[in-house]
């Protein structure tokens with residue numbers, strides 16, 4: 001069964017010119033890029049995307065980071081796309097928990113600047129795709 005997921009290459013990945021490397025790894029994993037856009041994230045989109053973290057101590061810095069520069073937003077498709085991308089991305093903390101061979105394990109520098117976001121469930125994927133690609 002084909003599944004869809006939202007992936008973001010965060011401002012640190014764009015600034016470090018890792019877009020091509022990350023997309024190459026996604027395609028090598030057998031996932032299809034169904035849509036891709038370079039976006040400047042405004043406060044409203046950032047707040048909607050990270051709504052589950054509102055009220056947490058790191059919320060303000062998360063908003064500041066995601067709006068600090070362009071983001072590449074992509075819809076990926078493929079068998080078990082959500083799990084496949086999350087495995088490819090690696091653990092959230094690139095220094096301590098991300099396995100070598102993953103995007104974060106090989107390229108990440110620290111927890112907040114961990115290069116990519118991937119939806120964590122089918123419900124999250126549907127909600128996030130609608131936020132970033134309305135009507136798709």
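Glycine residues also receive a Cβ, built from the backbone N, Cα and C atoms like all the rest.
Database features, via Swiss-Prot:
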| type | residues | note |
| --- | --- | --- |
| ACT_SITE | 117 | active site, pros-phosphohistidine intermediate |
| BINDING | 10, 58, 86, 92, 104, 114 | ATP binding site |
Neighbour tally for residue 58 (ATP binding site), based on other Cβ positions within 10 Å of its Cβ: 12
Surrounding CB atoms that lie within 10 Å of the CB of residue 117 (active site, pros-phosphohistidine intermediate), all protein chains: 21
Set of same-chain residues at least 6 away whose C-beta sits under 8 angstroms from residue 92 (ATP binding site): 98, 104, 111, 114
Local Cβ density at residue 86 (ATP binding site) - other Cβ atoms counted within 10 Å: 18
Distance [Cα-Cα, Å, rounded] between residue 86 (ATP binding site) and the residue listed as 'active site, pros-phosphohistidine intermediate': 9
The residue listed as 'active site, pros-phosphohistidine intermediate' versus residue 10 (ATP binding site) - Cα distance in angstrom: 7
